[in-house]
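**Q** Handing you a structure now.
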Amino acid sequence: MSTAKAEDVGRARMDCTALPQAVMGYVVRFTGRHQIVLALLSVCVFLLSTMPLELQRRIVNDAIKAGMTETVLWSALVYAGVALGAQVLKLILNLYRAWLSERSIRALRRRIYSLSPSTSPERNPPATTGTQISMILDEAVPIGGFVGISVSEPLLQGGIMVSVIGYMVYLETYMALLSLLFLVPQFVFVPLMQRAINHRAEMRIRTLREVSSAIVAETSLPAIVKEEDERRIEHIFTLNMGIYKLKYSMHLLMHVMHHLAVAAALGVGGWFATTGRVDVGTVVAVVSGLGKLKDPWDDIVNWSREFSAVSVKYRLFVEAARRLAAVTPIGKTT
C-alpha cells in the first residue's frame, strides 16, 4: 500500500473510532453551528403560527357582527402576507436541512469508503466487504437524513403546538381543554407501538448485512447453499410487513383521535355559541387551531419514531465502523 493510501486509511480509522456513541452526539460535534442557524429559523417560523388564527377570528367576527368590509379586506391582506412570509421561511429552512443532510450522508460514506482494505480475498473477507457495501449504499442515508431535522424539527413543531394550544386556551379554556383530552391517549399507544417498530428495524438491519455478506461470499465461493439466503430474504419481508402494519395502525389511531377532538370542539363550541357564551369567530379559531395542531403533532411523532430508529441504526453503524477500522490493514508504506 502506498504512503498516501496508508495515511488515508489511518485517518479514516481514527475518524471511525472517534465517532460519538449516540447520534445526537454526532449531530452536535459535526454540525453544531449549522443547528444553531436552523434553530433560529425554526423559531421565526413558529412565532408566525398563531397570527393566522387570530386573523381568521377577527375576519369572521367583523364580517358577521358589523359588516366592516374594509377591515375584513385589510385583515385578509395581512393574513396573506403572514402566510407568504411563513412559507418563504419554511422554504429556506427545508433547503438548509436538505443540504445539511446530504452533506452528512456524503461524510459518512467517505468515512467508510476510506477504510476500503486490500482487494485480496484473504485480507478482505466477504463479511467485511458485505457490511461495508451495506453501510455505504443504505445505512448512511437515514442517519445523515436525520441530521438535518434532528434539532430544528422538534423545536419548530413543538413551538407551533405550544403557541397554538396557548392561544386556544386563551380564547376558550374549557372548550380547548376538552378537545385536547382526546389527544392524550396518543402519549400511551405511540411509544408502545414505536418500540415494537424499532425492534423490527434493528433485526432488519442485521439481516440485510448478512444478505450483503452472503452475496459477496457467493461470488468467490459458489458452493454455498442458497437456502439460507432465501430464508433471510423471507425474514426481511416479514419484518417489513410487521413494520408497515404497526406504522399504519398507529396513523389510523392518531387520525381517529384527531377527528374526535374536532367533533368535541364543534359540539361544545356550537352549544356555547348558541347560548351566547362565545362568538362564532372563537369556535372557528379553536377548530382551526385543532386542524393546525394535527400536522405538527404528526411531525413530532414521525420525528420521535425516526429518532428512535436512527439511534438504533447509528449505534449499529458505529459498531460496524469500529470493527472495520480494527480489521482494515494499513499495510506497508513504500
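Just so you know, the numbers here start at 1 and follow the chain as drawn.
Backbone N, Cα and C atoms are what each Cβ position is placed from, and that goes for glycine too.
Pulled these features from TrEMBL for this protein:
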- 36-309: domain 'ABC transmembrane type-1' (DOMAIN)
- 36-53: transmembrane segment (TRANSMEM)
- 73-96: transmembrane segment (TRANSMEM)
- 174-193: transmembrane segment (TRANSMEM)
- 252-273: transmembrane segment (TRANSMEM)
**Q** Which residues of the same chain, at least 6 past either end of the transmembrane segment (174-193), have a Cβ under 8 Å from a Cβ in it?
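**A** Same-chain contacts beyond the ends: 165, 168, 246, 249-250, 253-254, 257-258, 260-262, 264-265, 268-269, 272, 278, 283, 286, 289-290, 293, 297, 301, 304.
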**Q** What same-chain residues lie close to the transmembrane segment (73-96): Cβ under 8 Å, and 6 or more beyond its ends?
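**A** Same-chain residues near the transmembrane segment (73-96) but 6 or more away: 34, 37-38, 41-42, 44-45, 48-49, 51-52, 55-56, 58-59, 62, 148, 152, 156.
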